[in-house]
Amino acid sequence: MNEPTVSETLNSQKPIVFSGAQPSGELTIGNYMGALRQWVKMQDDYDCIYCIVDQHAITVRQDPKELRKRTLDTLALYLACGIDPEKSTIFVQSHVPQHAQLSWILNCYTYFGELSRMTQFKDKSARHAENINAGLFDYPVLMTADILVYQTNQVPVGIDQKQHLELSRDIAQRFNAIYGNIFAVPEPFIPTGGARVMALQDPEKKMSKSDDNRNNVIALLEDPKSAAKKIKRAVTDSEEPPRVRYDLEQKPGVSNLLDLLAGVTGKTIPELEAEFEGQMYGHLKSAVADAVSGMLTELQERFHYFRNDEILLNKIMAEGAAKAKARAQITLDKVYEAVGFIAHP
């Protein structure tokens with residue numbers, strides 16, 4: 001089967017989607033249900049570009065050996081979740097230098113005050129007070145370059161990245177106002193039915209791979225038995241008699257368990273409420289633990305299949321980077337001409 005040319009790809013009718021994940025920690029079941037599973041569903045209807053954003057990862061100090069391992073782990077997880085290199089462009093950010101090249105130019109069209117207002121910079125600065133570096137401050141501009149260099153139409157974003165996407169739109173519109181229609185202005189993609197998985201011990205906050213309390217987190221690569229134990233210890237509430245019902249305000253812990261079970265089994269929340277009517281919270285926890293541990297076991301089998309084949313992983317990275325570079329260079333050439341750089345002889 002012949003690969004489409006760059007011009008054929010760019011002229012396709014499918015909207016272009018870009019998204020990525022950092023290889024800086026273990027991906028969680030929250031990442032899977034909220035993002036990766038949505039990415040898989042989008043592959044047939046969108047022109048999908050999925051990146052492993054290793055350059056973003058080093059805004060926080062990384063062990064080099066561990067970063068290389070986690071980059072390959074993340075790629076294998078992408079594949080295990082169902083992201084298909086025949087349908088999507090999959091690559092590692094540092095393999096495509098056009099991201100960093102465009103990022104520098106966009107820095108010159110981004111204001112200090114805009115970056116100062118980014119809440120994620122404030123949060124990360126507080127957590128990493130010993131290493132408040134320029135890259136951490138400038139992170140949203142590299143994210144903007146990641147998006148704009150592919151003429152992205154839609155970006156799947158969570159609440160924590162919504163402010164960054166708004167900045168990306170502002171930068172694109174500002175640049176276009178000066179130089180003409182150079183960039184597509186990206187829109188947020190709001191997935192339907194994507195569960196927002198919350199922390200098991202603190203169900204009013206989102207599950208995060210960087211959470212210091214590991215009892216809050218279910219990693220995709222952790223021992224399924226460990227995951228089951230965490231679920232059985234998850235916070236519920238003290239309602240008497242116990243009622244298994246979905247109520248984010250009054251019953252965040254129970255609602256989170258129902259979201260998890262719905263996400264894994266495909267059942268609706270009303271179906272699950274009916275199924276557990278009159279039952280104790282322990283019954284719900286056992287059902288969630290069994291479903292999640294079963295899902296993790298199957299996912300990890302697929303992960304190890306891909307992770308143990310580094311020849312295949314290297315091939316996918318090389319082919320993905322080649323496709324991404326060709327597409328990114330088209331945009332970069334337009335930008336270079338617009339700002340007045342002399343074409344490379």
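Quick reminder: no glycine exception, Cβ is built from N, Cα and C everywhere.
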For the record in Swiss-Prot, which of the ranges 5-13, 23-31, 122-130, 239-247 is the motif ''HIGH' region' one? 23-31
Looking at 116-120, 206-210, 251-255, 266-270, which stretch does Swiss-Prot describe as motif ''KMSKS' region'? 206-210
Note: in the chain of M207 (ATP binding site), residues six or more apart in sequence with C-beta under 8 angstroms of its C-beta are T28, I29, G30, V197, M198, A199, L200, N216, V217, I218
Can you give me the same-chain residues 6 or more apart in sequence from S24 (ATP binding site) with a CB-CB distance under 8 Å? H56, A57, V60, Q62, L67, R70, S210
Of Q22, N31, K209, which is closest to D146 (L-tryptophan binding site) if I measure between C-alpha atoms? They're all binding-site residues. Q22
Let me know the model's mean pLDDT on the motif ''KMSKS' region' (206-210). 85
